[in-house]
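Straight from Swiss-Prot, the features:
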{"type": "ACT_SITE", "residues": "Tyr142", "note": "active site, proton acceptor"}
{"type": "BINDING", "residues": "1-25", "note": "NAD(+) binding site"}
{"type": "BINDING", "residues": "Ser129", "note": "substrate binding site"}
Amino acid sequence: MAVITGASSGIGLECVLMLLNQGYKVYALSRHATLCVALNHALCECVDIDVSDSNALKEVFLNISAKEDHCDVLINSAGYGVFGSVEDTPIEEVKKQFSVNFFALCEVVQLCLPLLKNKPYSKIFNLSSIAGRVSMLFLGHYSASKHALEAYSDALRLELKPFNVQVCLIEPGPVKSNWEKTAFENDERKDSVYALEVNAAKSFYSGVYQKALNAKEVAQKIVFLSMSHKIKARYLIGLKTQLLLALYQILPSSWYDSLFRLVVLGRKRDA
């Protein structure tokens, strides 16, 4: 049995479909799960839920626990991005970003762990990002939420080792999905000192997403790992992603910062 959040689109949806094809019973959690025609399957139970709603989450897992005695795989795929400068992004948007990307995930894990502990070598896959290793220009709050997820997952892995529950971080680069549409829907204030650079960065990132990874590629990796006996702590997906991390680790911070700004903005900031 598998539990998947963010199940009605992108990587989450692809994981659901692939695990159903492998004969898994899947609990597909998403805000619009029951509206997703692709999830109409005898082995799939769709649950419409905002994962940041704590009371609703508790009720969902009470219902799951009443029907199931174990969970083989938990895939935390729910999440979104907030784009804009650190200074100008409203703090309520920042709180919402962390509520969905981090705190909701923590609660899903807590609620699912009793079921996961009942199955030896069960697995938790937390969908992080290259932004969890390298902070992105004007994606500071999104990057921060993924950095938090990385630290949390490392601690969780250490704690769950005696119970044979494996914890794995999936760190893809840009993936074709609705993510960029949501992230880029808000414009920086026109009077912001960052407006020109934010717009330049948005154009760059939009171009990157035209050549992004396919969600199916990432899902195939996750599903393959879900059926493997032993897995690593993290998987960085995409050659460009691996190159970016290598540059970040090798170059002095000042060099890396200048190079990153030059690539994204096409110029250095005016003095």
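Just so it is clear, glycine is given a Cβ too, placed from its N, Cα and C backbone atoms.
Known features from Swiss-Prot, placed on the structure.
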residue	record	Cβ within 10 Å
Met1	NAD(+) binding site	21
Thr5	NAD(+) binding site	26
Ser9	NAD(+) binding site	18
Leu13	NAD(+) binding site	24
Leu17	NAD(+) binding site	20
Asn21	NAD(+) binding site	11
Lys25	NAD(+) binding site	17
Ser129	substrate binding site	29
Tyr142	active site, proton acceptor	26
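You'll find the Cα of Ser129 (substrate binding site) roughly 17 Å from the Cα of Ser9 (NAD(+) binding site). Within the set of binding-site residues Thr5, Leu13, Leu17, Asn21, the entry lying nearest in space to Tyr142 (active site, proton acceptor) is Thr5 (CA atoms).
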